[in-house]
């Protein structure tokens, strides 16, 4: 069954259980976003897909006004995206005093990028290509126990 998702769109067939951890996925490459989203959903997450950094910052700003039951549990973001990078998204989160765990993924995993991500408080930086099962496992380690 083919799933085509855009930001915050879910169909009844893809709706996760109400208690599934809420994950934001920011990735500008549509094929990569679809592949990651599918793997994360199969792993048990409720995934909201975002196409770029600006869309991510906008949604995160909106999330700040939500109840704890509506807040995401985790953000997975590509580093290089148009408009606003994953590092800039992470900096925005930290300026707003959010402690949302963040995993950054990148094809350009130089030491400077890793160092900046650590400085900004990324939980993990994963270089592409990576194993989808390892990404899902890393995501689960960051979800608070309920």
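Each Cβ is built from the backbone N, Cα and C atoms, and glycine gets one as well.
According to TrEMBL, the features are:
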{"type": "REGION", "residues": "1-21", "note": "region 'Disordered'"}
{"type": "DOMAIN", "residues": "22-143", "note": "domain 'Response regulatory'"}
{"type": "MOD_RES", "residues": "78", "note": "4-aspartylphosphate"}
- Tertiary neighbours of residue 78 (4-aspartylphosphate) (same chain, Cβ under 8 Å, six or more apart): 26, 27, 28, 29, 32, 86, 104, 105, 106
- Task: Please average pLDDT over the domain 'Response regulatory' (22-143) for the predicted structure.
- Result: 95
